[in-house]
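Student: Could you have a look at this structure, given as structure tokens, before my questions?
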Amino acid sequence: MSVFNNSALYPQFLLTGFQGLEAKYSLISLPICLIYIISIAGNITILFIIRTEPSLHQPMYYFLSMLALTDLGLSTVTLPTMVSVFWFHARDISFVACAVQMYFIHVFSIIESAILLAMAFDRVVAIREPLRYSAILTNSIIIRIGLASAGRALILVFPVPFLLKRLQFHTISTLSYPFCLHQDLIKLTVSSRRISSIYGLMVVISSMGLDSVLLLLSYMLILVTVLSVASKTERFKALNTCISHICAVLTFYTPMIGLSMIRRYGQNASPMVHVLMADVYLLVPPLMNPIVYSVKTKQIRLRILKKLKKTEGIGDSLLFLLNGDNQTSLLHGFLIFSQRVIIYVITFLS
């Protein structure tokens, strides 16, 4: 196979789905499509509820809005290649498109890590300094935290595509996943990848590595504060406000650690396992975060149920105006049924 020289045209890459199951991609694409629909709809719902409810205009929910925006970005970035591979069996992707996707995947991942840390800081302030909570986390501070989180990610990942551009690849290289990740791309180079590998490691340590350490310190402070409270009821109440955030942290870091372990120690594992872990790493957090916060956060859960119940009467008006259109009646019935199922599920889980 010929080797690409950086003075020539850019190389091409082939995305990889579940090898050996190509004939079943039409079935595999159904749950993947459902995950994307739920993720996008769930995060948009969170944003809509927080935007339209003045009582939720508080620091905790502002950070949750940032998390929902980040999850929307992550879902949007990976969607095109996932659809291309599993729906259209189109595996080709250019170097430029791959580099752009890789850049934004890592940017949104680092932003999510920073937002989770900011949410931990929010809980520390709320539990340790409840009387000064609003004075410490003002709107200007929250905006600065959001801009700092985005700016750090954009700056840290910015050199990565240019470092990759200097490397040599085969004219056509096969990736391990249905999307582009930095660790996968540098594995395919036929030239020295030392600089790119070292810089990639520095980015991980200075972002997610640092954030994870600070997260642990934050919860140590929370535990020290909670254990100093005499009342068991107050302890439980304080810790209960952190449950949703703990679930979000575990949902984000557990698949990431699992993917790293598989790549490092799972050389003999099936390629399907690698693809599955990578899909879990990028698809599960945007899916689970809105579900967890909708179920475990009473204020959001009640307002979602309120909004859904308000729409139940809309269909009756439509049916009256349309005078018995069977197809429209069927669609209306399905929408009302879906709304009620959502209401029952949220109520049951809560």
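Placed from the backbone N, Cα and C atoms, the Cβ positions cover glycine too.
If you look up TrEMBL, you'll see 42-293 marked as domain 'G-protein coupled receptors family 1 profile'. Taken from TrEMBL, the feature transmembrane segment covers 28-50, 62-87, 93-121, 141-164, 198-230, 242-262, 274-295.
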Student: Please work out which recorded stretch in 28-50, 93-121, 141-164, 242-262, 274-295 has the most C-beta pairs separated by under 8 angstroms from the transmembrane segment (198-230)?
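Tutor: The listed stretch sharing the most Cβ pairs with the transmembrane segment (198-230) is 93-121.
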Student: For the transmembrane segment (141-164), give me same-chain residues lying six or more residues beyond its boundaries with a C-beta closer than 8 angstroms to one of its C-beta atoms, as numbers and ranges.
Tutor: 59, 62-63, 66, 99-100, 102-103, 106-108, 110-111, 114-115, 118, 182, 185-186, 195-196, 199-200, 203, 206-207
Student: Using a Cβ distance cut-off of under 8 Å, indicate which of 28-50, 62-87, 93-121, 274-295 has the most pairs with the transmembrane segment (242-262).
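Tutor: Looking at each of 28-50, 62-87, 93-121, 274-295 in turn, the most contacts to the transmembrane segment (242-262) are made by 274-295.
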Student: Please report, as numbers and ranges, the same-chain residues at least 6 past the borders of the transmembrane segment (93-121) whose CB is under 8 Å from any CB of it.
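Tutor: Non-local partners: 10-15, 60, 63-64, 66-67, 70-71, 73-74, 77-78, 80-81, 84, 145-146, 148-150, 152-154, 156-158, 160-161, 164-165, 169, 175, 179-182, 185, 203, 207-208, 211-212, 214-215, 218-219, 245, 248-249, 252, 256, 282, 285.
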Student: What average pLDDT does the predicted model assign to the domain 'G-protein coupled receptors family 1 profile' (42-293)?
Tutor: 92
